[in-house]
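The feature domain 'Ig-like V-type' is assigned by Swiss-Prot to 29-138. The N-linked glycosylation site annotation in Swiss-Prot covers Asn57, Asn102, Asn125, Asn150, Asn157, Asn189, Asn217. The annotation domain 'Ig-like C2-type' is assigned in Swiss-Prot to 144-223. Taken from Swiss-Prot, the feature disulfide bond covers Cys158-Cys228, Cys164-Cys209. The annotation topological domain 'Cytoplasmic' is assigned in Swiss-Prot to 262-342.
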Amino acid sequence: MDSRGFLSLRCLLVLALASKLSCGTGESLMNCPEVPGKLGSSLQLSLASEGISKRMNKSIHILVTRAESPGNSIKKKIVSLDLPEGGSPRYLENGYKFHLENLTLRILESRRENEGWYFMTLEENFSVQHFCLQLKLYEQVSTPEIKVLNWTQENGNCSMMLACEVEKGDNVVYSWSEKLGIDPLIPANSSHLLHLSLGPQHVNNVYVCTVSNPVSNRSWSFNPWSKCRPESSVPRQWRLYAGLFLGGIVGVILIFEVVLLLLRRRGKTNHYKPTKEEKSLTIYAQVQKSGSTQKKPDPLPAEDPCTTIYVAATEPVPEPAPEPVQEPHSITVYASVTFPES
């Protein structure tokens, strides 16, 4: 092969390669519009324009794929549909539904893996049409909260740094405004921080923080003077007084409960106290006739001149102590009485 033929062959190979590359990257070179979606919700994607929908009757095959990037050569098949077979999808990925009447793809519950570039191919007898879109999912923002980072007070004026914070949300944008103001406040670099210099004329000023992303927005209002004014110590005193008042009520209730408990215990003690018995005092008295004190022989027991008298006397018994209960006892008294001689 001469040099001229070899050069012609090289030109043909280059042209064939360029043609193949242009065909392979045709979808990636399309202008794919971005469609925002709310994460976790049901989404419906319109995969074709009105002009393409009108030519759907001429199509014989529909293919929908998804790729992580527009230039990615590997795509995941989502829907494969042959129109002559009655419109029933030959293949349908789990979590999707395809509506043939308007060429829309429905995602039942969107997740992060559903993000990406969706391509739809309409094959006709002698032509092929392409359509694409980019699905971008965002988490819905939560209600913001305004916090006071720091504040200083001097000569009746107050300088304060506010921070607007959210717990959830993707690509969050912060904006500040005054509730009764016309122009929005412009923090540095559209930050979530806002620096304020307040005076007595700003007592009723209310500031609003708004957070937003492509699928949601929330706002929260705040009156900073309530945190900055010197009179802010008054509510603290009221809280202290309220706490003392409640503590006093609780103390009175506790004392009342203790008194009731003591009264109940005393009533039970009186109920079970045994019946008191009178003390019996036994007095032994001996009576003897007067006479000679000369010593006589011991008389027989039957002639004993002494007569013993037993007298039982009863006296009031003093109230004993509640505890312990003492058993009743007897006191014996011995007395000697001498009769004169007759």
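Including glycine, each Cβ sits where the backbone N, Cα and C put it.
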For the glycosylation sites Asn125, Asn150, Asn217, the one whose C-beta sees the most other C-beta atoms within 10 angstroms: Asn217
Protein Cβ atoms within 10 Å of Cys158 (disulfide bond), excluding its own: 21
For Cys209 (disulfide bond), the number of other Cβ atoms found within 10 Å of its own Cβ: 25
Neighbourhood of Cys228 (disulfide bond) by C-beta distance under 8 A, where only residues 6 or more apart in the same chain count: Trp151, Gln153, Cys158, Met160, Leu198
Protein Cβ atoms within 10 Å of Asn102 (N-linked glycosylation site), excluding its own: 12
Local Cβ density at Cys164 (disulfide bond) - other Cβ atoms counted within 10 Å: 25
Neighbour tally for Asn157 (N-linked glycosylation site), based on other Cβ positions within 10 Å of its Cβ: 13
